[in-house]
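Q: Questions regarding the structure given below will be posed in turn.
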């Protein structure tokens, strides 16, 4: 259809009224799995979510939140908050980060793009630096993509390459870092055999070095900057394998929190600081934990920490991490073009919207929900509230996080009568689940359940509707499992804790006094996923969804 014919106007739903206040609650990292001692959601007291489950199959069901249902390449790809909120907000399935990069590398298109040609101008005389998470976790990055980019860059004239690694232990097992570093060292040795000066220059654990997000703790980025750009770190080693093995021997060491190190030559000099004229690529395809480093690498005006030096480099991201900020300005692979999101449609149809979370997930209910777009669609129709997250501690120390404060903001917004949709993300089960602390995660799940109750109580008072769902699994299975599904043990006979997301489906529940009698979940979409939620919510606001949206999960039957 030509652009002249396009209209934001949504058709009225034939059976569902407008004007009901709707609460949209996303429980982060809350999947559905069998009941056992490692299912923190099962172990926790969660009376509200338990009572919603009694509404199955008409008012409660499971939906898919991983793999192809959210645009990821395979059914073995765990969902994550970014792609989950994209799907929830967009109402359609878009090829996502990892998939886009795979396609660009497979076809070789990545090497023809503006981004690669821009960094290539440094190859002849300077160094190519690659910075990113080293694992095959597939949430932020993947080792095989780094391997292909190394090979492709060397074939296209890169003579000197330095890799700045960040160890994982969050999306993959703790302790797996050594194997990944050994694999990479082997690849770099093969490049050296072909005359390319290629080596690892620095490293550190992802949660302590570089990969902070939402400006929670700039010291994390500074530690990375000092090692990567300045070539300075508290630990110096002759090679990265020795570095990771040695640093892991500290009593409480783990891959996520390894301290920063630099690799030095025989004379003790760092082998790969970033200097004027060099090219830099940040390898991660997921945006949230690269944005802060991207700002430090790109912004002339920068006051978050003392950079000491601000080298004149050619910098490109694997993808553009923030479309609104145009950050970074250059990138190797174009992001998914997400347009006509449900949020934009709804404000154009008079739905006044309130969105709230705490810092660690605020971007998810706003930026990612709105198709990777910062800011408001219509400022007079929308209000976004960010509650500052605790900083300087790991989330298992305060597992209740800001669930109560988020619920209070949502309650006040619902009772104010100023909003038609009140949307929140409750981060507890995900953020605390990532710490691997089972007891704390149980506390986190209970806190999230209490927050849901407060929001539902407010909806009851105003005669509204609630939709409760999640973006992916995490807290429902905290143990690594063998092929038979039994808890896996390490060599000392201890249970191997799982800190990552899962492949489990997530619940969705609907209800509230404003729900029209006869509304129930359809039984003809058994493989429904997160992308089906947008049309469902549009229906509950009294509108038909656009024809190209994934179909609604609900129907209205006459009693």
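Each residue, glycine too, has its Cβ placed from N, Cα and C.
According to Swiss-Prot, the record shows the following:
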- 81: active site, phosphoserine intermediate (ACT_SITE)
- 28, 81, 471, 472: Mn(2+) 2 binding site (BINDING)
- 140, 170, 171, 206, 213, 286, 287, 288, 289, 361: substrate binding site (BINDING)
- 430, 434, 501: Mn(2+) 1 binding site (BINDING)
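Could you tell me the structural context for the features on the list?
A: Around the Cβ of residue 81 (active site, phosphoserine intermediate), the number of neighbouring Cβ atoms within 10 Å comes to 28.
Long-range Cβ proximity for residue 289 (substrate binding site), meaning a same-chain Cβ under 8 A and a gap of 6 or more residues, is found for 133, 140, 206, 210, 211, 212, 213.
Following the DSSP three-state reduction, the secondary structure of residue 434 (Mn(2+) 1 binding site) is coil.
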Q: Would you list the other residues of this chain near Mn(2+) 2 - those whose C-beta lies within 8 angstroms of the C-beta centroid of 28, 81, 471, 472 - in sequence order?
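A: Other same-chain residues near the Mn(2+) 2 site: 26, 29, 65, 79, 80, 84, 85, 361, 364, 425, 430, 470, 474, 501.
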Q: Have a look around residue 472 (Mn(2+) 2 binding site) and count the other CB atoms within 10 A of its CB, chains all included.
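A: Within a 10 Å radius of the Cβ of residue 472 (Mn(2+) 2 binding site) lie 29 other Cβ atoms.
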Q: Helix, strand or coil by DSSP: which one applies to residue 289 (substrate binding site)?
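A: Once the DSSP labels are grouped into three classes, residue 289 (substrate binding site) ends up as coil.
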Q: So which binding-site residues out of 28, 171, 287 end up within 10 angstroms of residue 430 (Mn(2+) 1 binding site), measuring C-alpha to C-alpha?
A: 28
Q: Using C-alpha atoms, which one of the binding-site residues 28, 171, 287, 501 comes nearest to residue 81 (active site, phosphoserine intermediate)?
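A: In terms of Cα distance, residue 81 (active site, phosphoserine intermediate) lies closest to 28.
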Q: Round to the nearest Å and give the CA-to-CA distance linking residue 472 (Mn(2+) 2 binding site) with residue 434 (Mn(2+) 1 binding site).
A: 13
Q: Counting Cβ neighbours within 10 Å across all chains shown, tell me which of the binding-site residues 171, 430, 471 comes out on top.
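A: Its Cβ has the most other Cβ atoms within 10 Å: 471.
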